[in-house]
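Annotated in TrEMBL:
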- 18-36: transmembrane segment (TRANSMEM)
- 40-224: domain 'CAAX prenyl protease 1 N-terminal' (DOMAIN)
- 121-143: transmembrane segment (TRANSMEM)
- 170-188: transmembrane segment (TRANSMEM)
- 194-215: transmembrane segment (TRANSMEM)
- 228-466: domain 'Peptidase M48' (DOMAIN)
- 290-316: region 'Disordered' (REGION)
- 291-311: compositional bias 'Basic and acidic residues' (COMPBIAS)
- H331, H335, E411: Zn(2+) binding site (BINDING)
- E332: active site (ACT_SITE)
- D415: active site, proton donor (ACT_SITE)
Amino acid sequence: WWSWASQCVRELPVEKQIFYAVLGFSWTVYLWEAYLAHRQRRIYRSTTRVPQELGKIIDSETFEKSRLYQLDKSNFSFWSGLYSETEGTLILVLGGIPFLWEIAGAGTKRLGFGQEYEITQSLVFLSLATLFSALTGLPWSLYNTFVIEEKHGFNQQTLGFFIKDTVKKFAVTQCILLPVTSLLLYIIKIGGDYFFIYAWLFTLAVSLVLVTIYADYIAPLFDKFTPLPDGELKTEIEAMANSISFPLTKVYVVEGSKRSSHSNAYFYGFFKNKRIVLFDTLLEDYSPLNKGDEAKPEQPENVEVHSESKAKPKHKKQGCNNQEILAVLGHELGHWKLGHTVKNIVISQMNSFLCFSLFAALIGRKELFVAFGFNDSQPTLIGLMIIFQFIFSPYNELLSFCLTVLSRRFEFQADAFARNMGKASELHSSLIKLNKDNLGFPVADWLYSMWHYSHPPLLERLRALGNVKQD
């Protein structure tokens, strides 16, 4: 049977072979991911009691909450993934890409632009494609936010805020995506034989500019950033930064609690202008989710309370204390001190240069365009989409797995850095708290974990920190 099938494929025109290879690989990846998710769901369903090794780390109530939360997320991911794969297949099989390209051409023609204005047509095509993606993804995003996240006590958004935020994100994305794409296409058009070098340098410059301006100009469009008030925590953060020569200029608290009760922390900036951002949900003394419970007066048992807002599930006190925050930042600063950020940038840019070089070698192959329904034209934007998204997909999967493995290694090294700063006990307790606050399930299937987890599972990180006494 296999021999007969192989013979049939070889007899197909080369463009058909390309098309079916792309489609076959896409479904192979989907089935592999579905198999891994099935293995992990089996863990969620079968592990209903706290394993003995976790007995002193997590209580049975939190364990059950995290199990149900992750099971709901996994089930949702199965259906949304199936829809996404089916939608992508139908778009390819029914010729959705050339159809949308023709619509974009008809639109630009009405505006007085002929076929020679390919970049203009490309921008209209890109706007329509991203609008289609946003609209088809909206129901899934609504369900995830207002059903799953709401059910498990994480969602803090109203429907009005969600819609306003979604529209704003789409608008900001278009304001960045369209000019950058038009310039990239122009560079490819006029770059001559070495256009791939100029294209790579351009994307490098854009990525560096976006990283530099994101937290100062883009992120504040969506979230409120305020300087961390003077006090013990700020003084100790500055002292820690000075101790390892980290060029810290500012520490911000971002109002993440208006969206979700999930927590995070990160740093950004280049050279001598580094800044640290802490989510308010990470800070035990600043989290509104803690203050709300403290400020709320107790009601007599016989008094019925009416409210237009939905009752939120009660949370235990959220976030970390000051010493635990310092331990978390010790981990983050470890990434900087150990050169992880620079290494990731170098790997990313080496990959980008390789991809543009291969793109230059493949862009002239007409059969690639014919395979996806472009018989009479070879638009540059379509070539970028076909080659980067479809032809490179096996390479992208392999690279993604390798980067996941490397990320886990970096996480262990950053943990060890914080431990060497004398923060082992505090990092130990903060990891447990953050796992509880975010309802992370501490039991994972080994294969699922190996393929997906960019951060090591909780138990592995605690073991690596060593035997630390806990209260």
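Cβ coordinates are placed from backbone N, Cα and C, and glycine is handled just like the others.
Of all the recorded positions listed here (E332, E411), the one with the fewest other CB atoms within 10 A of its own CB is E332.
Here H335 (Zn(2+) binding site) is positioned 9 angstrom away from D415 (active site, proton donor), judged by their C-alpha atoms.
Within its own chain, the transmembrane segment (121-143) is flanked in space by residues 76, 80, 83, 87, 100-101, 103-105, 107-108, 113, 115, 162, 166, 170, 173-174, 177-178, 181-182, 185, 379-381, which lie at least six positions past its ends and keep a Cβ under 8 Å from the stretch. Remote same-chain partners of the transmembrane segment (194-215), defined as residues 6 or more beyond its termini with a Cβ less than 8 Å from a stretch Cβ, comprise 176, 180, 183-184, 187-188, 225, 252, 268-270, 275, 277, 348-349, 352-353, 356-357, 359-360. Between the listed binding-site residues, namely H331, H335, the fewest other CB atoms within 10 angstroms of a CB are found at H335. A separation of roughly 9 Å, to the nearest angstrom, links the Cα atoms of E411 (Zn(2+) binding site) and E332 (active site). Within 10 Å of the Cβ of D415 (active site, proton donor) there are 26 other Cβ atoms, across all protein chains.
One way to see the shell of the Zn(2+) site is to take the Cβ centroid of H331, H335, E411; the remaining same-chain residues with a Cβ within 8 Å of it are E332, G334, H340, F410, Q413, A414, D415, F417, A418.
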